[in-house]
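As recorded in TrEMBL, the features of this protein are as follows:
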type	residues	note
ACT_SITE	His308	active site
ACT_SITE	Asp366	active site
COMPBIAS	421-431	compositional bias 'Basic and acidic residues'
REGION	410-431	region 'Disordered'
Amino acid sequence: MAEPTRTAKLTIDDKVIELPIQSGSIGPDVLDIRKLYGQADVFTFDPGFTSTAACESAITYIDGDKGELLHRGYPIDQLAEKSHYLEVCYLLLYGELPTAVQLSDFVGRVTRHTMLHEQIHNFFRGFRRDAHPMATMVGVVGALSAFYHDSTDINDAWHREVSAIRMIAKLPTIAAMAYKYSIGQPFVYPKNSLSYAGNFLHMCFAVPAEDYVVNPILEKAMDRIMMLHADHEQNASTSTVRLAGSSGANPFACIAAGIACLWGPAHGGANQACLEMLREIGTVDRIPEFIARAKDKNDPFRLMGFGHRVYKNFDPRAKVMKESADEVLGLLGIENNPTLQVAKELERIALSDPYFVEKKLYPNVDFYSGIILDAMGFPTSMFTPIFALSRTVGWISQWKEMIDDPTQKIGRPRQLYTGPQRRDYPDMRHR
Ligand code: CMC
């Protein structure tokens, strides 16, 4: 961070406090309030962090008004068109696009770590058969620190590197095993001759009794879904990973915390909730009923897949996802999929409805991803696990950046206390 050249003045009663204004490479400047409490004995109040930059980061940039998403400066639509998931993983982790040699070395390293310690299989079997795959993933990823002791020392750069590669490599295996377990099929071991996306499809859909050939259309679509979910700045789950990591917790525990946060329907769980909503709507003629419910202040219902804290324009990931949905469904010959018809009409109506227009509620990444995953044969319960395995690289990159940041401290927000003031403990008979 460069030395600040401007300051802001804050007047509290008759005291004037000068706050440095810091500038990034792009995006809004930030008021540096780190010394505010010491100088003025006040905290700032910002539930939900709507106006708070919690860290310095050089990984991902979002311009919510323009609807722009950059990874290390590269626009997501260019990456989606020209790159592939593992190359984007390299970019996020190391800051630059790889040369051919660097890429092949990285792909080789990830590929050699796709298997899980065999004893982890026993761990899966302890879950109830009907467990949600996200529940299984939170548990199994957290448990990795009990298996890979040689990569849990956060102060050792090599440990950090190995744990990063291990998690990028093993998350698809864990997600696929969670799925196989939930449907009562045998686990399928990774096949390292396949691509990252192809291997994931293989582990989900192959069975020992038959040969499974990865469909290249679905492989490409899977890779693109992974790429579009790879990182997204300081969202709730990434901030959770950073907060967990700020205490010095090991990387496997931090990623398990991120997965737990992602599960919520306001965040990664929205893809499952969205497809279930589209199915519940069922036919185009029922859309007005659901739009009315979304607008009703007394109804907690929200249109899933719409709205975003940062985007006040089209989510650029949703644009690419929509193209992919058209492509995949067209190539699979199911373009008349009723869910897609409902989604398209819902989008059209919502984008012209004053409520959604005024509040700048546009479709987000979760609006179309479920339609593609459904067409591929995934049950809705697997949508969020796929988001989680794709986001792992973003979480890890942000966690590594935080550990390397010399200004990093344990995350410890304060509060505006509104509870009772000091009072004496009464005996039971006086309550
Ligand atoms: N349907 C109906 N109304 C909505 C919606 C929606 N999907 N989203 C926001 N609003 C309204 C909200 O009621 C509020 O109205 P008012 O100002 O009258 O009180 C206004 O828009 C602002 O909403 P907010 O909840 O204050 O905004 P937020 O930034 O805190 O929430 C959000 C962002 C994504 C949680 C929210 O838009 C939402 O719940 N969307 C549906 C769930 C969803 O699709 N989540 C995926 C997000 S993208 C992927 C990811 O992050 O994982």
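Yeah, the Cβs are placed from backbone N, Cα and C, and that goes for glycine too.
Here Asp366 (active site) comes close to Gly268, Ala270, Asn271, Cys274, Met304, Gly305: these same-chain residues lie at least six apart in sequence, with C-beta atoms under 8 angstroms from its C-beta. Of all Cβ atoms in the shown protein chains, 22 besides its own fall within 10 Å of the Cβ of His308 (active site). DSSP assigns Asp366 (active site) to a helix in the three-state reduction. Per DSSP, the secondary structure of the compositional bias 'Basic and acidic residues' (421-431) breaks down as 3 helix, 0 strand, 8 coil.
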